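Some features that Swiss-Prot has for this protein:
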- 1-181: region 'Large ATPase domain (RuvB-L)' (REGION)
- L20, R21, G62, K65, T66, T67, E128, D129, F130, R171, Y181, R218: ATP binding site (BINDING)
- T66: Mg(2+) binding site (BINDING)
- 182-252: region 'Small ATPAse domain (RuvB-S)' (REGION)
- 255-338: region 'Head domain (RuvB-H)' (REGION)
- R291, R310, R315: DNA binding site (BINDING)
Amino acid sequence: MTTRTISPEKTDDDYVESSLRPRALEDYIGQEKAKGNLRVFIDAARKRGEALDHVLLYGPPGLGKTTLANIIACEMGVNIKSTSGPVIERPGDLAAILTNLEPHDVLFIDEIHRLSHVVEEILYPAMEDFQLDIIIGQGPSARTIKLDLPRFTLVGATTRAGLLSSPLRDRFGVISRLEFYTDAELSTIVTRSAHILDIQIEPDGARELARRSRGTPRIANRLLRRVRDFAQVRADGVISAQVVDESLKLLEIDEKGFDQMDRTIMLTIIDKFGGGPVGLDTIAAAIGEERDTIEDVYEPFLIQHGFINRTPRGRVATKSAYEHFGRIAPAPGQGALF
């Protein structure tokens, strides 16, 4: 997959992102429901002098799951150890991490849905009983010993909650879904980030940038840095709505936040397959992209904003999609199955 300026996935260019992350819940913009619940749970745990219950954060990439995990640790006044599902390949890897935790520490596992079943089996007693089962020896003489662990908080993050096994999901006491951000929330985030990065941005520039950021703070911050470059070279260093529009045109990002890959997907459905329904595997083969990438990275935005309908027979382009691309929508009932 080629690198996209508006990809919600992390890129090497996002090294600046950590400096933009808030450190307290009161500074965290958006996600009011999740934030309000976490505030109650954190305050209650601190009053009792206990570790916070295990937390599962899920939703599309780039919405602030990692940021919230770090905020939880800061609010609890404890350390955080971060890793990801693909990195923990063997039970011994997880055991090494767990045995080095201090009481009430936060263990953050990104992409937790990618943990192997063998590693998950080790995690169950660790989450529920704060014990680690270690097998000594092999064969008939093998025996299991239980090692006590400090009470810790596991914060898991995933973009695909449906792939979590039921036993793992059931062990999380707090489950929060993160939603796409509103334009107003993103405008506030852009203004805050511009202040931290010492970038001059006008209110209309922040609003225009937010409108094209696909409801995702990571994309908004990345576009802010790209537009800053344009403003410094071709403008007076101040980001206005006009500067945003001109710079994003150069990046081939339209007024809806679509880039070339979004247009390729939508026009493939509309022009090649008559608007659908068309299967995801067929779309992937037609555009030369992986099925999972389309489903995880591209589709959430297109579905959320009403450009694609997901049906039992396949993906279907909506009336809004036809209007956006200047196409005439077919009469109801038309379309072929691929």
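The chain as shown is numbered from 1 upward.
The backbone N, Cα and C atoms fix where each Cβ goes, glycine too.
Confidence over the region 'Head domain (RuvB-H)' (255-338), given as mean pLDDT on the 0 to 100 scale, stands at 82. Cα of G62 (ATP binding site) to Cα of R291 (DNA binding site): a distance of 20 Å. The residues near the DNA site, meaning same-chain residues not in R291, R310, R315 whose C-beta sits within 8 angstroms of the mean position of the site's C-beta atoms, are G279, L280, I283, I294, E295, E299, I308, G314, in sequence order. Most Cβ neighbours within 10 Å among the binding-site residues R291, R310, R315: this distinction goes to R315. Ranked by CA distance from R291 (DNA binding site), the binding-site residues E128, F130, Y181 have Y181 at the top as the closest. The DSSP breakdown of the region 'Small ATPAse domain (RuvB-S)' (182-252), given as helix, strand and coil counts, is 51 helix, 4 strand, 16 coil.
Note on F130 (ATP binding site): other Cβ atoms within 10 Å of its Cβ, all shown chains, come to 16. When the Cα atoms are compared, Y181 (ATP binding site) and R315 (DNA binding site) turn out to be 24 Å apart. Checking each of the binding-site residues L20, T66, E128, F130 against R315 (DNA binding site) by C-alpha distance, the shortest gap belongs to T66. Note on proximity: among L20, T66, E128, F130, the binding-site residues of the record, the Cα nearest R310 (DNA binding site) is that of T66. Counted within 10 Å of its Cβ, the other Cβ atoms near E128 (ATP binding site) come to 12, all protein chains included. Proximity of T66 (ATP binding site) to non-local residues of its own chain (separation of 6 or more, Cβ distance below 8 Å) is seen for R21, S82, F108, D110, A157, given in sequence order. Long-range Cβ proximity for L20 (ATP binding site), meaning a same-chain Cβ under 8 A and a gap of 6 or more residues, is found for R192, S193, I196, L197, N221. Per DSSP, the region 'Head domain (RuvB-H)' (255-338) is made up of 41 helix, 9 strand, 34 coil. A simple way to gauge crowding: the CB of Y181 (ATP binding site) has 24 other CB atoms within 10 angstroms, across all the protein chains here.
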